[in-house]
Amino acid sequence: MGATAPSVQSTALVTGFDAVALALLLHVWLVVVGLAVWNDDARTGVAWVDRRVHVSTRLYATLLFLAVLAVWLPFAVGQYPVGPANPFGRSRTAFGTFVIAGLLVGVGFYFLGGVVTNLRSYVAFRRSTPTDAGEVTSGSVQVSGTVVPLEEPLEAPVTGGEAVCYRLSATRVVDDDDERLQGDSDYQFGSTSAGATTLDSALVDQTTLLEERRTPFAVRDDTGRVVVDPEGAQLRLDRTASEPVPGDSRPSDPLATHLLESSDLEPTDRNRIYHEEALRPSEEVTVVGIANELSDDATEPTITAGDTVTEFVVAPGCEETTERHFRRTIAGCSIAALASSSVGLSILSWLAGHGWWVPLPGI
């Protein structure tokens, strides 16, 4: 008696609807990456993130592509919350939930980029040789000491103090009538402390880097000094001051002068919070980079990015402070990446039919 072979029903792993959904998500990916390339001065506005997370456009595009695949995959192997299978009853609710979950996944992958870049910098930091400034010759070095200007210092845009490197960024405020920008009991207009005005004090739209300037400086310790050319370095600067400027108010000097020289803002658009990050003379700093050999016309070695090594870091603080900075950054980015992506993927899996509301076979 011959055995009857069971019939096998072949099913496509990826249907035409799945391909259309992936194509739509890739269109979103192209738009977001294109905006990042077009406006590469955009920042998050969160001081902790802007100082510690430095993701290149190429890495950002790669991570966002992986995030798109992660968003699409639960539906490719499950179902879409549309039509009779929609447990919400309204497609608008399902779409809003999908958007929020997708954003959480994207944020998680962005912090994953922070983990990658900071691990790379931390490895370079650990592999570099701690060297006294006066003993630097050539090769990968790590030097800590105080900042000494080599030429006339720059003028910091908000505080007006001396600086060898600085950044000026602006956060646009959405609510023109926000009482917290009226300077009643918390602070008065003008230069404020770095923590006086943050994203917690106003509803914001976006933050943009307006100006960044760097000049060569020296790092000096008890043994001597070494020259640093900060061009191309990761500047992990602390926020040194902020100045809120509501509509119809004139910024204080020297901020007003810097804004007049900037082409990124219209003269009448002053409803913003301006942030300064600066590296000042006599401030303690740690530099990780490549020291070049002395040339015939050079009297001191110079630390630069080098020809092949991309990890060139300038960070305020001593060696122990810099190492603690890297460890906390890696831990913080890891926690943020895991928490954000896990919550987002859980919601997407639930939407795709991998949750409790899906009827199980035989029940």
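Cβ from N, Cα, C; glycine included.
Summarising the annotation, TrEMBL assigns domain 'E3 Ubiquitin ligase MUL1-like' to 211-345. Annotation source TrEMBL lists region 'Disordered' at 229-267. Positions annotated as transmembrane segment by TrEMBL: 20-38, 59-82, 94-117, 330-352.
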- Message: Under 8 angstroms for C-beta pairs, at least 3 of them, ignoring pairs fewer than 6 apart in sequence. Is the transmembrane segment (330-352) in contact with the transmembrane segment (20-38) by that rule?
- Response: no
- Item | Confidence summary for the domain 'E3 Ubiquitin ligase MUL1-like' (211-345), mean pLDDT rounded | 86
